Amino acid sequence: MTTFLGNPVTFTGKQLQVGDTAHDFSLTATDLSKKTLADFAGKKKVLSIIPSIDTGVCSTQTRRFNQELSDLDNTVVITVSVDLPFAQGKWCAAEGIENAVMLSDYFDHSFGRDYAVLINEWHLLARAVLVLDENNTVTYAEYVDNINTEPDYDAAIAAVKSL
């Protein structure tokens, strides 16, 4: 059972599992452009999904994945939340993280529904990490049961490095 702030929460949809093909998406970048999964074609992808960049755990998760994986060839870390693109951009500027890919699902929550991470009770995204290979096949999936805790960074990073 997944919990948020100590309370059980529900989701719509089916969580992706290892071996599944990732769903396409259309999300808003910090410059208000639309980004799709196809924009990252041919790259290994880490989808770092968070409730809000304005929380300590989400900030730590975003910073850590960007620091530890930014030097890997042909790899992109994509952080997804329902924060407004302006808030995501402001966070990147304040943290001095210039090349982070921050995408927002604020507009219609379609990513949250398609990836089964939209918390029905709060309309925030749950914490999850998905690693996709160059063909968008899920090679690692972690949906964090207690959304207030950090993901297993070591396992996710090892999954990316093994590709």
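Glycine is no exception: its Cβ is also placed from the backbone N, Cα and C atoms.
What you see is a predicted model, and the numbers here were worked out from it, not measured in a lab.
Features of the protein shown, as given by Swiss-Prot:
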DOMAIN    16-162  domain 'Thioredoxin'
DISULFID  Cys58-Cys92  disulfide bond
ACT_SITE  Cys58  active site, cysteine sulfenic acid (-SOH) intermediate
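Of the listed disulfide-bonded residues, namely Cys58, Cys92, the sparsest CB environment within 10 A is found at Cys92.
Per-residue pLDDT, averaged over the domain 'Thioredoxin' (16-162), rounds to 97.
Mapped onto three states, the DSSP output places Cys58 (disulfide bond) in helix.
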